[in-house]
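K.L.:
Below is the structure I would like to discuss, written out as structure tokens.
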Amino acid sequence: MGITKTSVTFLFLLILAAFVSNYNVLASEIKPTGRIDDQCKQMCSATYGDGKCASDCRKAGFSSGRCLTSSPFGNKCCCTK
């Protein structure tokens, strides 16, 4: 009984820790600063997604990048400083 209770408690704490640690990641949003034309050049597609976008942005000297679909970005790869 003690092992089962300990296991359930550990599992509950593990799930709780995972939920809390993802909270800030899900709430964050990338907002480009400066001119959008300078930081949102490449169009995103099924073959050019967040991974390739972030890689290309880092190669261009930015810290990261992501495909943004909302207006005014229009499904473009936007880099962040």
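The backbone N, Cα and C atoms fix where each Cβ goes, and this holds for glycine too.
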K.L.:
If you pull up Swiss-Prot, which of CYS40, CYS44 shows a disulphide to CYS67?
P.N.:
CYS44
K.L.:
For CYS57 (disulfide bond), which DSSP three-state class applies?
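P.N.:
SS state of CYS57 (disulfide bond) = helix.
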K.L.:
Rounded to a whole number, how many Å is the Cα of CYS40 (disulfide bond) away from the Cα of CYS78 (disulfide bond)?
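P.N.:
Spelling it out, the Cα of CYS40 (disulfide bond) and the Cα of CYS78 (disulfide bond) are 4 Å apart.
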K.L.:
Tell me which of the disulfide-bonded residues CYS57, CYS77, CYS79 ends up closest to CYS67 (disulfide bond) in space, Cα to Cα.
P.N.:
CYS77
K.L.:
Nearest to CYS57 (disulfide bond) in three-dimensional space, by Cα, is which of the disulfide-bonded residues CYS44, CYS77, CYS79?
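P.N.:
Of all the candidates listed, CYS79 is nearest in space.
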